[in-house]
Every structure is written in structure tokens, then in C-alpha cells.
Amino acid sequence: MTLRFYDTASATIKDFVPVHPGEARLYYCGATVQGAPHIGHVRSALVFDVLARWLRFRGLEVTTVRNVTDIDDKILVNSRASYEQDYSGDHAREPWWALAYRFEGVFGQAYAALGIDRPTYEPRATGHVPEMHALIQELIDAGHAYPATDGSGDVYFDVRSWPRYGELTRQRVEDMQDAPDADPRGKRDPRDFALWKGRKEDEPLSASWDSPWGRGRPGWHLECSAMAGKYLGAHFDIHGGGLDLRFPHHENELAQSTAAGREFANFWLHNGLVTYEGEKMSKSIGNTVSPQDMLREARPLAVRYYLGQAHYRSVLDYRPTSLQEATAAVERVEAVLVAARAAGLGLDRDTQDVPAEFVAVMDDDLNVPRALAVLHETVRAANSALATGDHDAARPLVAAVAGMSDVLGLLQLMDLEGAGAGGAEHRALDVLVQDLLAQRAAARTARDWASADRIRDQLAAAGVVVKDGAQGSAWSVES
């Protein structure tokens with residue numbers, strides 16, 4: 001069966017034909033590192049992690065790009081807020097770039113804990129300002145962008161100059177809301193959006209760059225177009241992100257890229273949002289859930305299973321029992337592999353043996369719910385064969401379970417050495433250590449260095465060594 005995906009732009013499921021034969025090039029929007037992640041951020045990253053894994057399984061050479069937006073209005077606002085809330089006098093104001101780097105690490109720790117692969121490239125917006133300047137100049141030269149005439153230093157995309165504007169979300173310009181990213185003064189049309197934002201007097205000098213239009217910083221939409229073009233070329237296969245990014249972010253990306261003469265993405269894939277008991281997650285309501293919250297309640301294996309179990313285009317609803325149910329389901333898969341090892345059946349963690357039905361449903365718009373149904377069906381058959389001692393029948397079934405678990409990113413998080421008390425003891429210890437690491441991460445986020453050091457020392461006294469890295473903290477037992 002041919003790979004097929006739902007393309008938001010055409011609102012149809014289309015056959016996937018790579019731009020470059022034998023390759024798949026994928027760009028998906030990463031974090032704006034203004035604060036700690038919630039489960040919606042992690043779900044999106046996991047969706048595109050599974051997509052990349054499946055494309056590789058199908059024999060394609062996959063290049064992935066997940067950007068980091070490390071300069072943004074909200075980052076500057078939160079940096080100012082962190083200063084205003086610091087009454088101790090012990091610390092100077094946290095610079096915007098330090099806040100961004102700190103939360104980039106928190107995101108990385110969440111990704112790593114859930115086995116989400118590092119992308120081929122993970123570019124920061126601040127490292128690609130020259131490419132953004134070049135794209136702006138192309139648009140000005142083509143008559144699709146203009147510097148504001150009010151002396152602000154802003155540069156805007158002229159939506160009226162591009163007849164295709166609105167094609168991604170199938171809207172007419174007349175029906176769109178005004179762009180919220182800048183004052184309407186200096187614009188030709190209220191819906192024109194900022195490509196470059198002139199520096200304001202109350203903003204740090206370090207948060208701006210010299211440009212032909214004056215000192216300032218790039219607009220959010222421009223950042224992604226410039227970085228996608230640099231790493232994937234003018235024409236690539238898939239652009240992805242959360243459903244909430246379709247408009248205005250992805251609409252504006254598409255417009256400025258195609259207006260500059262780039263074909264841009266063949267497919268636009270959008271994952272559904274996450275709700276809490278049917279309601280939108282909101283800080284004001286107080287119903288947001290963080291990856292750390294989930295990892296305190298369940299193993300990374302169960303959290304990954306939960307976040308990936310719904311179809312990527314569906315809403316994923318979180319309930320207090322969600323992780324308990326996910327734990328029960330995925331540990332049935334893990335248990336059959338542990339039982340197979342105990343019975344003397346070898347297990348290759350890199351096996352690629354999967355049933356034809358699994359391949360068919362994954363090829364059909366990445367239908368993970370149906371793929372999980374095939375997985376659990378195979379688990380039941382393998383358990384029956386093991387129970388009767390029919391190892392010849394069990395062997396291919398166990399290999400299929402391992403292969404499907406590997407493709408879905410579950411196998412790497414399983415404790416297949418745990419046939420007996422040792423594995424259970426390790427899991428129990430991991431729960432305790434992860435809780436302490438979460439407390440330590442919270443202390444570091446609050447810049448409470450004394451508490452963070454005290455937790456590290458407590459762990460060290462118990463023989464647990466903590467290593468901090470760019471992707472978060474890892475632990476091991478001192479030998």
C-alpha cells in the first residue's frame with residue numbers, strides 16, 4: 001500500500017510522493033521557549049517522532065528539522081516578569097537569552113524522558129538572522145513586503161499583494177481578523193503581518209540586531225520560513241505542527257515563502273489539541289498538566305503510550321485515570337516480551353518484523369489506534385502460545401510484538417531485564433529518583449540553587465549520581 005497522509009491545505013488524504021526520490025524531508029514547529037512545556041507541546045513532538053520513525057521504517061532517508069523560537073515578545077515579557085518577582089536581591093535580572101536557554105533545556109529533558117528522538121537539525125532562531133534578512137529583501141524586491149513609513153523600523157508582508165493569501169485555511173482576506181503582532185500604524189492593511197520588528201526603547205539592546213531597516217528582531221512567522229529553507233531547501237515534503245498553528249502562523253509562513261518563489265511544503269500535517277476532561281487546558285482555569293506531572297504519576301513508557309494512542313488528528317482528552325489505563329495496557333505488551341525472555345526466546349531490540357495489517361494501517365494516514373489494536377491482538381496470541389509451551393508458534397509472534405513496539409518508540413523504554421524482583425526494584429527506585437529530579441528541576445527553574453544542590457547531595461549520599469546535560473538530568477547508581 002502507498003503511504004497516504006491528510007493534507008490540511010487540500011483537506012484531502014493524498015498519496016505521499018517524495019520530492020526527492022528515496023528521501024523524506026520534514027519540518028515541524030518546535031517550542032517557543034518562554035516557559036515550561038505542557039503536554040500539548042510534548043504530544044506534538046511525539047506525533048512527528050512517530051511519523052519520522054515510520055518513514056524510516058518504510059525505507060526512506062529522513063531529515064527532520066524542529067526549530068527553537070528563542071526570541072519572541074513573550075520571552076521578553078517573561079524575562080521582565082522574572083526580574084519583577086525577584087525580591088531577594090540575591091540575583092540580578094535573568095537576561096532574556098538565559099531564560100530562553102533554561103526553558104529550552106526543560107523541553108529537551110521532557111523529550112528525552114519520553115524517548116523522542118533528536119531531530120536531524122534543531123536550529124535556534126537567533127542563529128539565523130542573516131537568512132531572515134535575505135528572505136525579507138527578496139519579498140521587498142518582489143513587491144510583497146514594505147518598510148513601515150512611521151519610523152518604527154518594522155517591515156510588513158503586504159497581504160493584498162499576494163492573491164493566494166488564505167489558501168491554507170481557505171479564507172478570504174476580507175474575512176480575516178487584523179494581525180495582533182503590531183500597532184496598525186505604518187501598515188497598508190490592518191491584516192499585514194510583521195516580518196521584522198523595530199526595536200522599542202524598553203527592550204534590551206541584546207534582543208535586537210542591525211538590519212537594512214534599522215535595529216530590531218525577526219517576526220515569528222519569518223523565522224520558520226527562513227530555517228526550513230536553509231535546512232530542507234525551497235521545496236520539501238512535510239510541514240507539521242499543532243492545529244492551533246494553522247492560522248495565522250502557518251498561513252503566514254506559506255504566503256511569505258511562496259511569494260518569495262519557493263514551493264515550500266507538499267503536505268501540511270496538523271496534530272489535534274489536548275483537553276482536560278473535555279475542556280480546553282488553560283492556566284487561568286488551572287487545569288494544565290505538565291510532562292513532569294505525568295512522569296511523577298507513571299513511567300515514561302506509559303506516558304509515551306498515552307500521548308501516542310489517539311489518532312494524531314484527533315483531540316486527546318486527559319482524565320485522572322488516563323495514565324493508569326495506559327500503564328495497564330502497555331505493561332501487558334512489556335510483560336509478554338519479559339515472559340518470552342524468561343522462556344529462553346531471544347529478542348532482538350532492533351527487529352523490524354511487523355504484521356502486514358500493521359503496515360497497512362500505519363500507511364493509511366498514520367493510524368496508530370488501529371496499529372495498537374493489531375499490537376494487542378498479537379500480544380494475546382503470543383501469550384496463548386507461551387502458556388501452552390509452543391515456542392515455535394510464540395517466536396514469530398513475540399518478534400512481531402517487539403517490532404511493532406520498536407516502530408512506535410515503546411521498546412526503548414521497556415524494562416526487558418526485569419523478569420523478577422530486580423526490574424521491579426529498579427522501577428520503584430526510578431519513580432523516587434524522578435520525583436526528586438523533578439523537585440530539583442523546579443528549584444533550578446526558580447533559581448533556588450541551595451535547594452537544588454541539597455537534593456543533588458541527598459541523592460549522591462544514597463549512591464545516585466546525577467548528570468546534567470543540555471537535554472536535562474540523568475541518573476545512575478554509583479558502582
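Cβ coordinates are placed from backbone N, Cα and C, and glycine is handled just like the others.
Per Swiss-Prot, the feature Zn(2+) binding site maps to CYS29, CYS224, HIS249, GLU253. Cβ environment of CYS29 (Zn(2+) binding site): SER44, ARG66, ASN67, CYS224, GLY240, GLY241, GLY242, LEU245, HIS249 lie under 8 Å away, each six or more residues apart in the same chain. In the three-state DSSP scheme, CYS29 (Zn(2+) binding site) is classed as coil.
Annotation comment: Swiss-Prot describes 31-41 as motif ''HIGH' region'.
The region 'Disordered' annotation in Swiss-Prot covers 171-197.
The compositional bias 'Basic and acidic residues' annotation in Swiss-Prot covers 182-197. Below 8 angstroms of C-beta separation, residues 132, 135-136, 139, 145-146, 148-150, 152-160, 173, 176, 211, 213, 216-219, 221-222, 248, 252, 256 of the same chain, each at least six residues beyond the ends of the compositional bias 'Basic and acidic residues' (182-197), sit close to that stretch.
The DSSP breakdown of the motif ''KMSKS' region' (280-284) into helical (H, G, I), extended (E, B) and coil residues amounts to 0 helix, 1 strand, 4 coil. Swiss-Prot lists 280-284 with the feature motif ''KMSKS' region'.
Here Swiss-Prot flags LYS283 as ATP binding site.
When pLDDT is averaged over the motif ''KMSKS' region' (280-284), the result is 76. Distance from the CA of GLU253 (Zn(2+) binding site) to the CA of LYS283 (ATP binding site) is 28 Å. For the motif ''KMSKS' region' (280-284), same-chain residues at least 6 beyond its ends with a Cβ under 8 Å from one of its own Cβ atoms are 38-40, 273-274, 318. Candidate binding-site residues: HIS249, LYS283. Fewest other C-beta atoms within 10 angstroms, LYS283. DSSP classifies GLU253 (Zn(2+) binding site) as helix under the three-state reduction. A Cβ within 8 Å of the Cβ centre of CYS29, CYS224, HIS249, GLU253, the residues given for Zn(2+), is found for these other residues of the same chain: TRP220, HIS221, GLU223, SER225, HIS239, GLY241, LEU245, HIS250, ASN252.
When Cβ atoms from all protein chains are considered, those within 10 Å of GLU253 (Zn(2+) binding site) total 27, not counting its own.
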